[in-house]
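One structure is given below, encoded as structure tokens.
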Ligand code: ADP
Ligand code: MG
């Protein structure tokens with residue numbers, strides 16, 4: 001926690017027989033990729049335009065198996081999600097470059113499965129190993145098509161939930177999609193069934209609504225909640241892994257579309273260029289406002305891009321010379337992603353209800369423990385519940401007998417009884433103090449030592465009392481002087 005991370009960006013090259021080896025060159029470090037465009041290779045490339053580019057990423061995946069791809073791109077992010085860090089993996093690139101292959105994989109062969117099924121497997125393997133925590137997993141599958149949110153798993157709720165109006169809601173815990181169904185899954189198979197259900201729904205919609213699935217963004221989310229006890233606190237760790245298959249990034253000009261298709265392309269390009277703007281804004285530490293709300297995609301990703309989560313981008317590119325422009329733009333996008341720094345934090349909460357339950361359990365366990373100790377030392381049945389009124393009265397009477405000397409000792413029963421005995425003694429001592437004071441007050445005027453005003457007043461009264469014999473003395477002395485009284489000097493001193 002508290003350490004700055006960079007967004008990690010990888011490039012994955014789709015295998016091709018026509019790999020443009022003069023155009024795309026990989027560095028020996030497996031991290032850099034250079035692009036050379038021959039000036040005459042393409043019309044319109046004027047002489048003063050840049051023709052060589054060099055990109056440095058976190059890894060170049062070329063001729064890489066799905067397994068190695070997963071190890072490189074996703075494994076760490078998924079294991080960190082299991083300890084509470086949100087994670088997002090996105091595939092970006094032109095249609096046909098291998099985004100879906102990377103994210104979902106090919107269904108025909110097990111070893112061709114992509115990030116989603118492998119992430120699901122990793123999560124459930126970790127759950128199987130977890131001994132001191134209780135982990136629940138839930139899944140949702142959202143599609144964003146022409147700025148409309150679509151629940152790919154609404155058919156699973158069986159309540160016609162597909163009509164539910166969905167909306168993106170910001171709340172202090174993060175962003176969520178209101179109306180999106182989230183499905184608890186108990187094992188890997190459950191989760192994979194949901195993935196296939198979502199894929200099927202996507203294909204059906206593609207035919208019935210004449211959609212083009214390469215124009216939609218798909219977000220498969222794995223929500224992980226683990227609860228475990230730390231002493232008597234029940235800690236809840238919540239995290240989610242967003243696995244995103246973005247719409248094809250090919251540019252509008254190239255598609256040469258019209259009408260509806262043009263409109264769709266405009267939407268995609270808009271949301272992807274908003275995504276790019278967000279990324280540029282996130283990379284700028286001076287930027288305060290990040291306009292997440294300007295598209296559904298960026299709004300949904302508000303708490304999943306940069307900020308407090310782990311983010312990984314895979315730029316899928318084609319290796320053919322024909323696609324070099326798109327390849328360049330995907331590499332630029334990937335490089336920009338790398339500018340973003342993030343500071344992942346664990347999403348932890350404490351469950352007070354759970355804590356109370358845990359404490360109750362702890363107490364009953366301790367009572368059992370005590371009962372066992374009692375039976376081991378042959379103590380008769382001792383209860384450890386709070387003292388009843390009858391027991392309290394009994395203790396009180398015992399103490400009185402003890403003080404009167406009728407009994408010699410008070411037998412120790414249990415801790416509660418000892419505490420009660422002390423409490424009773426304290427009460428008695430207090431009562432006696434009060435009684436003593438009352439008795440003294442009835443006989444004497446008691447002045448508080450610190451009450452200086454009263455003390456001064458009292459001293460004055462005393463001085464007055466002393467003044468009386470003095471006056472008397474003077475009078476007597478006067479009378480003697482006058483010779484009226486026949487008293488000797490010795491007698492005067494006595495007065
Ligand atoms: P996108 O989702 O970007 O439009 P796809 O993932 O559908 O592209 O890929 C297009 C085709 O190329 C698919 O038939 C897919 O199986 C294949 N493909 C893509 N990447 C690879 C790869 N790395 N290895 C083998 N086949 C791939
Ligand atoms: Mg695809």
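From the backbone N, Cα and C atoms, a Cβ is placed for every residue, glycine too.
Noted in TrEMBL for the protein shown:
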type: BINDING; residues: 93, 94, 95, 96, 97, 98, 99, 100; note: ATP binding site
type: DOMAIN; residues: 6-340; note: domain 'Kinesin motor'
Practice prompt. Return the members of 93, 95, 96, 97, 99, 100 (the binding-site residues) with CB less than 6 angstroms from at least one atom of ligand 2, or none.
Written response: 99, 100
Worksheet item: What average pLDDT is reported by the model for the domain 'Kinesin motor' (6-340)?
Response: 87
Worksheet entry | binding-site residues (93, 98), the one with most neighbouring Cβ atoms at 10 Å | 93
Practice prompt. Enumerate the residues of the same chain, 93, 94, 95, 96, 97, 98, 99, 100 excluded, that satisfy the criterion Cβ within 8 A of the mean position of the Cβ atoms of the recorded ATP site; list them in sequence order.
Written response: 14, 91, 101, 214, 248, 316, 318
Worksheet item: Counting every protein chain present, what is the number of Cβ atoms, excluding its own, within 10 Å of the Cβ of residue 100 (ATP binding site)?
Response: 19
Discussion item. Near ligand 1, meaning Cβ under 6 Å from any of its atoms: which of the binding-site residues 94, 97, 100 fit that description?
Written reply: 97, 100
Practice prompt. Measure the Cβ-based neighbour count of residue 97 (ATP binding site), defined as the other Cβ atoms within 10 Å of its Cβ.
Written response: 26
Worksheet item: What number of additional C-beta atoms lies within 10 angstroms of the C-beta atom of residue 96 (ATP binding site)?
Response: 16
Worksheet entry | In the chain carrying residue 95 (ATP binding site), residues 6 or more apart in sequence that have Cβ under 8 angstroms from it | 214, 248, 250
